[in-house]
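Record features, source TrEMBL:
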{"type": "DOMAIN", "residues": "1-116", "note": "domain 'Topo IIA-type catalytic'"}
{"type": "ACT_SITE", "residues": "Tyr48", "note": "active site, O-(5'-phospho-DNA)-tyrosine intermediate"}
Amino acid sequence: GKYHPHGDISVYDAMINLAQWWKMNIPLLSMHGNIGSIDDDKQAAMRYTEVKLAKIANYIIGDIKKKTVKFIPNFDDSETEPIVLPSMFPNLLVNGSRGIAIGMATEMPPHNLGEI
């Protein structure tokens, strides 16, 4: 991968999560093909799916070319990537988050966009 040192499978798994309506309050990606199921059926292999940004994602990356955020080199200095996304969409609040790291964990529930 250009932007991720662990290859395309970890990026594909993240893409699947961003497209699954039962995991995301408002999915950021629109996928065509088998993206798994709410019953925990696995998604199809990469070659059987297509993906594009959902319309709401334009509010997250729409201003990226306006140079409103700083860019830094990626992991192997072959590309540059933004340190944050210039989002007008409150993604963390709308879609929530759950994760664990060394010494800390978080679980933030999703919220209704109309109430934020």
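Just so it is clear, glycine is given a Cβ too, placed from its N, Cα and C backbone atoms.
In the domain 'Topo IIA-type catalytic' (1-116), helix, strand and coil residues by DSSP number 33 helix, 24 strand, 59 coil. Summarising the environment of Tyr48 (active site, O-(5'-phospho-DNA)-tyrosine intermediate), the number of other Cβ atoms within 10 Å of its Cβ, over all protein chains shown, is 10. Confidence across the domain 'Topo IIA-type catalytic' (1-116), taken as the mean pLDDT and rounded to a whole number, stands at 92.
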